[in-house]
Amino acid sequence: MEAATAPEVASGSKLKVKEAIPADAERPQTPPGQGAGCPTPQLLPPIEEHPKIWLPRALRQTYIRKVGDTVNLLIPFQGKPKPQATWTHNGCALDTSRVSVRNGEQDSILFIREAQRADSGRYQLRVQLGGLEATATVDILVIERPGPPQSIKLVDVWGFNATLEWTPPQDTGNTALLGYTVQKADTKSGLWFTVLERYHRTSCIVSDLIVGNSYAFRVFAENQCGLSETAPITADLAHIQKAATIYKTKGFAQRDFSEAPKFTQPLADCTTVTGYDTQLFCCVRASPRPKIIWLKNKMDIQGNPKYRALTHLGICSLEIRKPGPFDGGIYTCKAVNPLGEASVDCRVDVKAPI
């Protein structure tokens, strides 16, 4: 039987294959219009499973690593027959001297032995199968400790306080700063103590400094990796000096304690025996100090050696030495000052011994 002609195939009629003679079986037939030197077209296998990438949840946000850490990403995918997986970094081919890739039947592994900041960026995995493809992106950020702040200076010192200012570091470690750590140290001990942590401004006031001490200050920058390795120290010391204290007395009204004499304890009547000394007592209050005058029967007895008069702290006393029968009578104590006078009396009886 004869084979179908070319016009019959092009028109879409079914191709019927007949028995071939032995010579035809040994030699493949050449389609019309194709010479003997042209390659034979290869038919692609049918796609049994469309390509798809299963991106892990942890890689759907920025993947952060520190400088020197290992990056080992395993991304599973599907596709049958086995699709072709390729990686790019920021739209360019990978640097094979630093990044290695291993593609398996159902996953692809991206490996960086020691990450550097240059490895940061957007990595894209593309899985292709025939005319179909699937893509996934992973953002990697490689960070390190920030550099130290710059040009720290002591602006002012007053009372128990000091004002500091500084400028941000030139290198933030490839990530945002979390703040600054401010420390102080007095020259006596030389020990550093933290005053502020994760402080966001570039100026601050340090309070509660001790009088008589001198202080130095330093500032660290901080990010997710930690504090900067070094910190600048103020060139000038903050000397906390004791301020001169000026006491101002409040004015007050001077109280006038002046008063006329007044006896707070009167003389008491007494009876004595001839030949035995007798004493009379009374108390007087006055300002200014009064003059005390003793009288017997209204006669001044000052200067009489038979009597001795004493006055101390407002207590007035009169001693009658060895009284006789004629020493009895009315005794009077009289107090006089510029504001007035006062007097008290008592009766003294002298009896003969039995």
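Cβ atoms are placed via backbone N, Cα and C, with glycine included.
These features come from TrEMBL:
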COMPBIAS  16-27  compositional bias 'Basic and acidic residues'
DOMAIN    45-139  domain 'Ig-like'
DOMAIN    148-243  domain 'Fibronectin type-III'
DOMAIN    261-345  domain 'Ig-like'
REGION    1-45  region 'Disordered'
Quick one: average pLDDT across the domain 'Fibronectin type-III' (148-243), no decimals.
93
With helix taken as DSSP H, G or I, strand as E or B and everything else coil, how many residues of the domain 'Ig-like' (261-345) land in each class?
3 helix, 54 strand, 28 coil
